[in-house]
Amino acid sequence: MNDKPNKWIFIPILAILFVMIGYQYVCPAGGQACHFRTGDKLVRIAPLATPDPTTDDLYREQDPEEDNPPKCASKFNFTERDLTRDVDFNIKGDDVIVFLHIQKTGGTTFGRHLVRNIRLEQPCDCKAGQKKCTCHRPGKQESWLFSRFSTGWSCGLHADWTELTNCVPVIMDKRQPPKRKRNFYYITMLRDPVSRYLSEWKHVQRGATWKTSLHMCDGRSPTQDELPTCYNGDDWSGVTLHDFMDCPSNLANNRQVRMLADLSLVGCYNLSTMNESERNPILLASAKSNLKNMAFYGLTEFQRKTQYLFERTFHLRFISAFTQINSTRAANVELRDDMRSRIEQLNMLDMQLYEFAKDLFLQRYQFVRQRERQEERLKRREERRWIRERRVNQSKEPIVENQTRVTTTEDYASQVVRW
């Protein structure tokens, strides 16, 4: 019997053993010499987070999307001016941040961040049991923040853009000495229209009405004929989603567009001034323009990015990081496709506004992140150049020979202090 084939089998086995031994030598266990790729990312063990990380670290450690956000083609032609938001906010001067709080957009949480979570020279004074905080400028008895949790509903419950822009300057002049010029920086929060609509339905179902809202426009509130109520009695408790959607005068429909648009452009709440086909494009265009020109707006679905952009816009830092909470009442609603389609149809203007807002928001975020990375690269480049120049200058310095040390001939004992 021929044994040569059996001998040839040992050759590849020995080769494999040789490769394995060599690999263990070149790439020992736990070594950093070799990396393996999964897809396009290196597989590695992330370093342990520090006990008290800065907010910048939190962006990188807890949200991997932050460092490399997906770049998608935009359907909107935003200019660099649209993307640039760098407010020279002077908290010690006459500048005022005005928070436009749209229902069920996470505004309550964001409003609390403004009064409790900003690192300030003179923090807001929030006393237990009180709904409002005192947010004064350093060394002055003047407020720098106009919001629910600082000045209260001074312009009416959930006042909209039309109300605030006409009311805030008057209120501020009444409460504080009139100024020749105050800078009012308007901010707001937006939310996915379907989620926001469902959240409002759930809130109304539990008894909320907001019936004390003024809805002031062109100097007056709407009449009962212009804005009829959707229910009889004190509230709409227990309302079904079908009934909620069936009310044609339900202000939940396209609420975000209505609260951000200049309603005086369409005759306020008087629907007889123009038909719907004329009214809707004007409202949407006005809401987009006002939103784009605001100092800042955030999105409920992007809490960390909202925090990041606010900090970079106003040059104010939050003490603790924002938290993304996706387990909401709206998220727990089981919604059929036909029901979702109807909600989207009822909120068609809000759907278009949110698409616009989300695109602009993410582009602003990418723009600021890219600008920061460029500044960091330039800073590192300048540091390296400074180090190189320093080394060159040191190499050109003349070498001084060590001089012979002069030894003293005095007796050591004479140098000892006698106590």
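Positions of Cβ are set from backbone N, Cα and C atoms, glycine also.
Marked as active site, proton acceptor by Swiss-Prot on the basis of a curator's inference: H158. The Cβ of H158 (active site, proton acceptor) lies under 8 Å from the Cβ of H101, I102, Q103, W210, S213, M259, each on the same chain and at least six residues away in sequence.
Among the features that Swiss-Prot reports, 3'-phosphoadenylyl sulfate binding site is placed at 101-109, R191, S199, 323-325, 329-330, with the record citing experimental evidence. Within 10 Å of the C-beta of H101 (3'-phosphoadenylyl sulfate binding site) we count 23 further C-beta atoms, all protein chains included.
Within the same chain, residues at least six positions away from K131 (substrate binding site) with a Cβ under 8 Å of its Cβ are F149, G152. If you look up Swiss-Prot, you'll see K131, K132, R148, W153, H158, H203, W210 marked as substrate binding site.
Under the heading N-linked glycosylation site, Swiss-Prot lists N77 (among others). Listed in sequence order, the residues of the same chain lying 6 or more apart from N77 (N-linked glycosylation site) and placing their CB within less than 8 Å of its CB: none are present.
What Swiss-Prot lists as N-linked glycosylation site is N270 (among others). Under 8 Å, Cβ to Cβ, and six or more positions away along its own chain, N270 (N-linked glycosylation site) finds P222, E226.
The N-linked glycosylation site annotation in Swiss-Prot covers N275 (among others). The secondary structure of N275 (N-linked glycosylation site), as reduced to three states from DSSP, is coil rather than helix or strand. Within its own chain, N275 (N-linked glycosylation site) has no residue 6 or more apart in sequence whose C-beta sits under 8 angstroms from its own.
The annotation N-linked glycosylation site is assigned in Swiss-Prot to N326 (among others). In the structure as shown, the Cβ atom of N326 (N-linked glycosylation site) sits within 10 Å of 8 other Cβ atoms.
The feature N-linked glycosylation site is assigned by Swiss-Prot to N393 (among others). In the three-state DSSP scheme, N393 (N-linked glycosylation site) falls into the helix class. Note: N393 (N-linked glycosylation site) has no non-local neighbours, i.e. no same-chain residues 6+ apart with C-beta under 8 A of its own C-beta.
Residues or ranges marked as N-linked glycosylation site in Swiss-Prot: N402 (among others).
Annotation source Swiss-Prot lists topological domain 'Cytoplasmic' at 1-7, citing sequence analysis.
What Swiss-Prot records for 29-419 is topological domain 'Lumenal'.
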To the nearest whole angstrom, what is the C-alpha distance linking T109 (3'-phosphoadenylyl sulfate binding site) and R148 (substrate binding site)? 11
What whole-number Å value do you get for the CA-CA distance of H203 (substrate binding site) and T105 (3'-phosphoadenylyl sulfate binding site)? 12
Let me know the largest Cα to Cα distance in Å among the substrate-binding residues K131, K132, R148, W153, H158, H203, W210, as an integer. 22
Whole-Å Cα distance, T105 (3'-phosphoadenylyl sulfate binding site) to R148 (substrate binding site), is 14
Between Q324 (3'-phosphoadenylyl sulfate binding site) and W153 (substrate binding site), find the distance joining the two CA atoms and give it rounded to the nearest Å. 27
Give me the CA-CA distance between N326 (N-linked glycosylation site) and S199 (3'-phosphoadenylyl sulfate binding site), in Å, as a whole number. 13
